[in-house]
Structure formats: structure tokens, C-alpha cells
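TrEMBL lists A:13-73 with the feature domain 'HTH asnC-type'.
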2 protein chains.
Amino acid sequence: MEEKFRRSLYPELDDIDYGIVRALQENARLPFTTIAKELGVTEKTIRMRVQQMQDDGVLSLVGIVNPVKAGLNVESFIQIAVEADKLDDVVEVLNGIVEVRLIVLTTGDYQLFIQILVRNYEELAQFLMKKLNKVPGVTRVNVINELKILKSKFKFVR
Amino acid sequence: MEEKFRRSLYPELDDIDYGIVRALQENARLPFTTIAKELGVTEKTIRMRVQQMQDDGVLSLVGIVNPVKAGLNVESFIQIAVEADKLDDVVEVLNGIVEVRLIVLTTGDYQLFIQILVRNYEELAQFLMKKLNKVPGVTRVNVINELKILKSKFKFVR
DNA sequence: TCTGAAAATGTATTAAT
DNA sequence: ATTAATACATTTTCAGA
């Protein structure tokens, strides 16, 4: 551990934070010295800000793999209707399933919306029959298969 | 350009690639020397592999901002039915709209599935009324609001 | 594998509120 | 009194031959 002192809570991102985010969302390995020069502050300032934003869950610097290149060729969105009193249990089970990438509580006819990634349709069928339909409390599912991603944007800050 | 020799095409990720990905998906700024030590190869090997995987679109090293911390509090999934011959046009328009994060062509009653991020419900209403419903070719939309993210996983490689 | 250049790290200090 | 920013010395990493 290096620094002992931190800003207490996160009020708002200031201009320097936004500058940092704008730079790092393009390239997570951009040298802090480069960002520092650009923003007219010292490298240590950048380092501190980045550390703090990471600690506060504002910013993550991560490697993302193209799923297709990792052999995960089939992506599906699944809406799931659940018995009201079993919702927590269902979420807990889904949480433990590796194929499940995203679980969202939503408005509408179905309470849950999940996104899954599998290698092929055989695995999708297995997932639906052996896993999802066996979860107690699940009453109805609506599977929407992804045919093609037409746009995917990770950059939130402009 | 630094390295002259490349593996020809991307057949499959090998063990070293997976090791690199496993390390970088946790921390995109992890020093190559650290990864090299861990995998028992030289730093240069790591540098080459990372460069190549990036060039091949296999791996991206990016900063991701928590949208809520950036003031984007409302996320919605929207299914969109489109007149068959207008699909391309609709996609093109949607592509140019900043709120739209994801556009996917899907199976099912609706051809398109999009994900949008806005600051608040006022902006959602504006988006629906002023933008989406004005796009020629859009015949029907189904808005599913996100109440809470229960799981979100970016790590594809285990 | 090696080597100079660049960047990251750690400490002490200063400034601002 | 606390927190952020800076200056600077040291260590580590990077990029190319």
C-alpha cells in the first residue's frame, strides 16, 4: 500500500477525471505520463486519480476477449418468468451458471432478463433443457437468439 | 513496427495466449514482465502476443466506466419491429444515435434488439418520442426497463 | 539477450480548503 | 486537520538492435 489518504466519497467526476477516462477507455495501457502531459498535471496526480476511481468502482481497466475468437459462437438473450417468492433462489442458481454473463431484473411480463454465451447450439440446447428448465420457480422462458451484432459500444464518456 | 514474424492466421488461442488473457482481463495494466515470469517465457513473447491479439481483434485493453457514476442512470432494452425492406436504413439511423450502446439482429417477433443508456426517464421519453418513433420503417417497439443489474461478467476466459 | 530510454513507484513536501 | 498535487530520487519496464 502506498498512499494513506483518500478523498472520502465520490461526489462527481471533475475535468481531470473525465480527461483520464476519455484517454483510458481507448487504451487502458496508455502511459500516465502521456495523460499527465495532455492534461497539464503531474504523473502522480493521474496515478492517484486512477487508483481512486478504481477503488470507488468508477473505472475498470480490463482486457476484453472477443467471445467468438474464444470459441463462444452462440449468444442468446433469455427472458425468464419466475414465481414471485422464488425470485431470489432463481437468481442465486443463475449466478452460479458459467454460461450466464448478465442477469437483470426488469419491468414487463418477465422478471428476469439474462444473456448467455455458449460454444454452439448443442450447448444452448443443453443449457435450456438441463439447466434453465430445471431451476425451481422458473415458469416460462422466451429465448431470443442473436444473429449478428451490428453495433457494440463500450465508451460511455464523450 | 517492431516484430517481423507473426503466426499466420488466428487458428486457436494457445496456452500462452490464454495465460495472457487470464492475467490481463483482471488488470489491463499488468506489466508484461510479471506475466512473463508467471508463464515462464520472455517479456518479448508477451509483448508480441498481446500486440498480435490486439491486431487480430481478439483482445481489447480498455477502460470501462460505471455508467451510473458517469450520470447515466437509466438503462433500457428495446425490441424493435421493422419493415423488412427498411432494415438497413433503420440500423444506420440507430447507429448514429449516441444513446444506443448495442444493436443486435435477432430471431423472434422483433428483428432488432437494442440497449440504450440515458441520464433519466425524461431522456428516455425524449429518446422514444423524438428519436426512435420518428425513424422510418419502425413499426412496433417493446421497451423493457432495467430495474437492477444482478450479475455482470466480462470475463470470458477461465 | 542486452541496453538506453521511458515510465512507474515511493517519499517528502507544499498547497489548498 | 485533511486531502490533493508536486518535486524528485529510485526502481522497473519497455522497445529495439
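Glycine too: its Cβ is placed from the backbone N, Cα and C atoms.
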Of the residues in the domain 'HTH asnC-type' (A:13-73), how many are helix, strand and coil by DSSP? 35 helix, 7 strand, 19 coil
Taking every residue in the domain 'HTH asnC-type' (A:13-73), the average pLDDT works out to 93
